[in-house]
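Novice: My structure is below; once you've seen it, I'll send some questions.
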Amino acid sequence: MYLIKVNSYQEMSDKAADILFDVITSKERPVIGLATGSTPEGTYKALSDKLNSSTVDQSKITTFNLDEYVGLDRNHNQSYAYYMNENFFNHVSIPEENINLLNGKAADEEEEVKSYEEKIDEQGLDIQLLGIGRNGHIAFNEPGTSFDSLTHAVELTEETIEDNSRFFDDKESVPSRALSMGLKSIMKAKKILILINGENKKEALSELLNGVVTEENPASILNNHPDVTIIADSAAIGE
Ligand SMILES: O=P(O)(O)OC[C@H]1O[C@](O)(CO)[C@@H](O)[C@@H]1O
């Protein structure tokens with residue numbers, strides 16, 4: 001794993017956007033995996049600015065998102081579909097048909113996750129962007145998730161519900177389930193870029209870097225991937 005140290009949120013966002021942009025410009029039809037959460041918001045701003053001031057043909061870009069809450073309509077202001085529109089898709093010209101998002105209101109959940117994984121396999125991910133939860137979760141893969149997991153439905157932990165309640169009116173309004181790409185799905189990406197900032201992610205970063213690979217720490221699977229870049233700020237590194 002390659003660790004890039006940064007001193008600010010802006011620097012992290014700019015570096016991440018540069019890496020995503022490089023992958024986009026190196027492929028005829030780039031396929032990029034995207035993440036939600038507060039961490040990548042700046043990256044989306046920087047990446048949309050870069051794309052819009054370049055000659056990149058955005059109609060060739062395909063995206064896959066990691067996860068979505070179960071039960072939230074895509075127009076709900078806390079759905080990840082809404083987040084992606086607000087933070088990225090509304091600011092770029094990637095065609096709607098190239099945007100892949102899990103449907104948290106799918107009538108047939110089994111079919112939804114199965115067909116999503118099939119699409120990932122057909123298209124292949126050139127890069128997957130990730131954030132990390134305090135408990136080491138990546139996407140919505142909570143501690144204890146099998147390293148062999150493909151896209152699946154998950155029960156959220158109390159800790160994740162607590163962390164995400166800041167975006168909802170109250171804790172009770174946070175959905176308790178989600179659809180999420182699995183750990184094996186994420187590992188299929190040719191390249192992985194993970195962003196870790198803030199003191200509250202210090203432990204998650206050190207657990208990732210200590211080299212112990214265990215299903216109790218979902219992010220630790222990244223130690224088994226040949227091309228992972230971590231961008232972390234000094235607060236998360238503890239300097
Ligand atoms: O970037 P944040 O808001 O700290 O979230 C961390 C992680 O938690 C999630 O939002 C899910 O709870 C992930 O999508 C994200 O990577």
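A Cβ is built for glycine as well, from the same backbone N, Cα and C atoms used for every other residue.
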Novice: Which one of 99-126, 155-182 shows up in TrEMBL as coiled coil?
Specialist: 99-126
Novice: Can you give me the Cα-Cα distance between N135 (active site, for ring-opening step) and D67 (active site, proton acceptor) in Å, rounded to a whole number?
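Specialist: Counting only the Cα atoms, the answer is 17 Å.
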Novice: Validating a neighbour-count step here. Other CB atoms within 10 A of the CB of D67 (active site, proton acceptor): how many?
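Specialist: Its Cβ shell of radius 10 Å holds 21 other Cβ atoms.
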